[in-house]
Amino acid sequence: MGDMTNSDFYSKNQRNESSHGGEFGCTMEELRSLMELRGTEAVVKIKETYGDTEAICRRLKTSPVEGLPGTAPDLEKRKQIFGQNFIPPKKPKTFLQLVWEALQDVTLIILEIAAIISLGLSFYHPPGESNEGCATAQGGAEDEGEAEAGWIEGAAILLSVICVVLVTAFNDWSKEKQFRGLQSRIEQEQKFTVVRAGQVVQIPVAEIVVGDIAQIKYGDLLPADGLFIQGNDLKIDESSLTGESDQVRKSVDKDPMLLSGTHVMEGSGRMVVTAVGVNSQTGIIFTLLGAGGEEEEKKDKKAKQQDGAAAMEMQPLKSAEGGDADDKKKANMHKKEKSVLQGKLTKLAVQIGKAGLVMSAITVIILVLYFTVDTFVVNKKPWLTECTPVYVQYFVKFFIIGVTVLVVAVPEGLPLAVTISLAYSVKKMMKDNNLVRHLDACETMGNATAICSDKTGTLTTNRMTVVQAYVGDVHYKEIPDPSSINAKTLELLVNAIAINSAYTTKILPPEKEGALPRQVGNKTECGLLGFVLDLRQDYEPVRSQMPEEKLYKVYTFNSVRKSMSTVIKMPDESFRMYSKGASEIVLKKCCKILSGAGEARVFRPRDRDEMVKKVIEPMACDGLRTICVAYRDFPSSPEPDWDNENDILNELTCICVVGIEDPVRPEVPEAIRKCQRAGITVRMVTGDNINTARAIAIKCGIIHPGEDFLCLEGKEFNRRIRNEKGEIEQERIDKIWPKLRVLARSSPTDKHTLVKGIIDSTHTEQRQVVAVTGDGTNDGPALKKADVGFAMGIAGTDVAKEASDIILTDDNFSSIVKAVMWGRNVYDSISKFLQFQLTVNVVAVIVAFTGACITQDSPLKAVQMLWVNLIMDTFASLALATEPPTETLLLRKPYGRNKPLISRTMMKNILGHAVYQLTLIFTLLFVGEKMFQIDSGRNAPLHSPPSEHYTIIFNTFVMMQLFNEINARKIHGERNVFDGIFRNPIFCTIVLGTFAIQIVIVQFGGKPFSCSPLQLDQWMWCIFIGLGELVWGQVIATIPTSRLKFLKEAGRLTQKEEIPEEELNEDVEEIDHAERELRRGQILWFRGLNRIQTQIRVVKAFRSSLYEGLEKPESRTSIHNFMAHPEFRIEDSQPHIPLIDDTDLEEDAALKQNSSPPSSLNKNNSAIDSGINLTTDTSKSATSSSPGSPIHSLETSL
């Protein structure tokens, strides 16, 4: 979003503002400058200028309690004056830009040049008849008409190049379009709670306006700037803006400034929105960033790395989230290393590219030598000046043949297949309730070997209901009759639950008749409020009598306290505190308990032990969560020191203990069975009591009675994995994790430790690939560390969603199984395409190479090769990459990180089919004219008309590919290749479409396609030979792979994948280096793989900037979304520097970059050079941001 957009945006707002000056008591500019202040400075400014926050509310014509009236004209006016809460997106790339990018492909450029030379030479006629003497070297002289047709081949090559470019550009364009749709879907998902006309409503983040009263709570990501009005115990993590890792406590009198993009780590409250969109603190930075990024991009045109631009725009805004930048870098590394598939593919493409280059170079050399020796040595012809153009034409023809071999050798369709497959899967996964945020997560899921799942809400329905209670010395196995409970106890119980729950938690009547009441807010609290209603009491009157503003002090729930307490002032000025929390934790703090008569009696430790045995354990063994409700009274004077938590949260009086049931989702046991069958271990990590957790794990089928497994509590787990010094040891973790199935009473740190322990373990031969689910703010680290992080779409906090790779829109475990299926399907789709593509490549290269060497001419012409290779492969990648997944995918074990891309079975298929195709093509080439009684096409003069002979070879070749495409649908040696073929209409359409186009090319292609129309019987033979592919496929399937020990596998990532990631850094960068080299165009054939680059770039750009980058339009429609990504954190070795306007720094950076050595376009023009470069450069370019690169300079400048 360039300077232009911003200046328009601002100037428009300023103009409006001056005209509306009198509408509100403060202008946008004033509010904007107010929000730039911090702490006491801000408090002083508010006091001096406005009086207090309430006065600001009055000026903004809003009420701190009722909120805005919410009428359309009022909202519209606010949007006009103060701006809207989104950031103007960057313009998408136009179709023409994409065409221009596709044209940058070096193989295409070489072909264009060759075609133009060929065109030019065909129009140039040397004088005199000596022309005839020149050409005799090669199968006789050409006649006048043939020479005239010389330009056709050149023109045809140019045309097919244009065709290829358009197909590529269209593919990229449609992908961008699709991801934009996905992006807007993510945007609509984001809602925030505001108060309008006294009602609490959820509205999309983009709808928030200045003056709105927003309700904020634990786990929120603030969508706009605002001032704190009231709340309890609110702590904010502002590291995303300031780089300070300490949490900041907010209060009206000390620090009321709340900034967009920061995280609520604890507490709750209300704020009045004062700045939105580009005027909020995040928006201002974002604006600077956008402008800076655009300038950089202009300067960076040379390096042709569109991806780099996205990366650059993202780099500056990182922060050391946990203080330690190194850890963060490691985490980023880990994410990079994640796309195992991308790494394997890049490596494979590079290897194939090398081979292709060598083959094409040899072809050209042999042709040139043969021609010169034959003409000037054997036939002893002098080099005549007038013959030069003819000789040059021969050389150009040889050159075109060489380039053709290269074109065929390079598997352009490969990255395209990945992109299509991922894009297709992501779109379909939305229907299966998986919202994919990082593309490669989809493919990583196919390799998952372990899933660490939360219990609440994922394995269970998260609809809490109290089913047992212990009140007044009696253990009730169902909801007690209210008349059997002492009236005083009952009143205390109702007050304790109604007041000491978030006021946003409510139970509403059902939407449809006969449905269950709706639970809104925290589900455990909903269960307790439901208990109050079941006791035929009502919590609303209690709350209206004691509104939220009147609460004296609140200790919010967090993972350390494991309880929540609220203090209120009684009518006699004394204080009462209500507490609730996990029973074993709260009971330890109780010294009294209410008896049946409602009197408090002493509660000794031995009473507590008895209660645990007789009440809590039986409840837990039924799979219930136990919650204890208690209270404590304090005298009015001296007022207690409320900050001294240890003294306050003690000496409580227990009112009751309830057992809450959270039933297992009916579909979960089946889903877990599928996982286990698919070789995936499911572990449950929960904060619940160990007995509850074990009971639920048995119900889900995670553990089966009588098996050898471990169920540990967090404390015990920590004791076992740490040495005497309290340090975690990997060997100790290795002893535990293989048997561990349930980790109970665990903290988020335990979860992170477990995930890291499993991922770093070298205990098993395959390194583990771990998926994790999380919903809480503090699950962030574990979600980031995991190979795939799943966040809950319904119950998850914004912080968890931001750290995740996939969002489960229905919070359901069975959706994870669908993700596994899709992931494996991506892997299979790519293997299918590889199998098909490599057969085409092997055959075409060998045919062109041997044909050229033996007959001086490639049996498959340049234009035909382009049709086969580029168009057909592009279509084939579409056909094979869109196969829908089936349940059978879940019947085999995960591939793991080291499984080669091309298995032995696939290698058998590739070579087997190549043998069949080569045998037939060479038979046709050397004896075809006798079989069909036609003229031989071998040794034809330079511009001779197309021969039937070579047309038959071309046609047979294409028919064999078509039928082999059907064979390629199965890669595990299955017999029935037609299985489920009609479930994939795209496949059928493409096969039939390709066949139809082939008929048109052969019958009407004429000179441009070097085709001569064929008779019906010749067509029949071609199709018959093609059909033979299917029969031959069955023959190959009969040969047992185990016998073919000599077959090598390919596309394997080296053993480095097995090393824990600390030592991986350089290695990871190597994979990445390959991808980066692809983008830099540093080596001739690397640039020759430029079309691969386009696709990889698209995958990578989407992977990195689908939701994180400014690269995609709308990708930041809401400012909320902008800060929601780790990419926008100032990450640097000196994290604690507030962000400064870095436009000049960025210019420096660009200058530095311009002077840096890799201005590759002119350096490596000779292929041999590039080969040497490859070996010497690796170490240099392997560092992720070499000192000259713009990203590095940006990092250092910040």
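Keep in mind that glycine also has a Cβ here, set from the backbone N, Cα and C atoms.
According to Swiss-Prot, the feature topological domain 'Cytoplasmic' maps to 1-94 (among others), an assignment based on sequence analysis.
The feature region 'Disordered' is assigned by Swiss-Prot to 1-24 (among others).
Per Swiss-Prot, the feature phosphoserine maps to S18 (among others); the stated evidence is a large-scale study or a structure entry.
Annotated transmembrane segment per Swiss-Prot: 95-115 (among others), in sequence order.
According to Swiss-Prot, the feature topological domain 'Extracellular' maps to 116-152 (among others), an assignment based on sequence analysis. In this model, the topological domain 'Extracellular' (116-152) carries an average pLDDT of 56.
According to Swiss-Prot, the transmembrane segment annotation covers 153-173 (among others).
As annotated by Swiss-Prot, topological domain 'Cytoplasmic' applies to 174-345 (among others).
Residues or ranges marked as region 'Disordered' by Swiss-Prot: 296-328 (among others).
If you look up Swiss-Prot, you'll see 296-305 marked as compositional bias 'Basic and acidic residues'.
Sequence annotations record features per position, and here Swiss-Prot assigns transmembrane segment to 346-365 (among others).
Taken from Swiss-Prot, the feature topological domain 'Extracellular' covers 366-398 (among others), and the record attributes it to sequence analysis.
What Swiss-Prot records for 399-416 (among others) is transmembrane segment.
As annotated by Swiss-Prot, topological domain 'Cytoplasmic' applies to 417-830 (among others), with the evidence given as sequence analysis.
The transmembrane segment annotation in Swiss-Prot covers 831-850 (among others) and rests on sequence analysis.
Residues annotated as topological domain 'Extracellular' in Swiss-Prot, with sequence analysis given as evidence: 851-860 (among others). Residues 138, 363, 366-367, 370-371, 398, 401, 404-405, 844, 868, 921, 925, 937-940, 950, 953-954, 957 of the same chain sit 6 or more residues outside the topological domain 'Extracellular' (851-860) yet have a Cβ under 8 Å from a Cβ within it.
Swiss-Prot lists 861-881 (among others) with the feature transmembrane segment.
The stretch in 153-173, 861-881, 902-924, 984-1005 that contributes the largest number of Cβ pairs under 8 Å to the transmembrane segment (831-850) is 902-924. The transmembrane segment (984-1005) shares more Cβ pairs under 8 Å with 861-881 than with any other stretch in the list 153-173, 861-881, 902-924. Only residues 6 or more beyond the boundaries of the topological domain 'Cytoplasmic' (882-901), in the same chain, are considered here, and those with a CB under 8 A from a CB of the stretch are 340-341, 344-345, 348, 420-421, 424, 428, 446-449, 674, 677-680, 766-767, 769, 817, 820-822, 824-825, 827-832, 834, 969, 980, 983-984, 986-987, 1049-1053, 1055, 1057-1058. Nonlocal intrachain contacts for the topological domain 'Cytoplasmic' (965-983), taken as residues 6+ away from its ends with a CB within less than 8 angstroms of a stretch CB, comprise 828, 831-833, 835-836, 839, 876, 879-880, 883-884, 886, 903, 905-906, 909, 913, 991, 1029-1030, 1033-1034, 1037, 1041. In terms of DSSP secondary structure, the topological domain 'Extracellular' (366-398) contains 27 helix, 0 strand, 6 coil.
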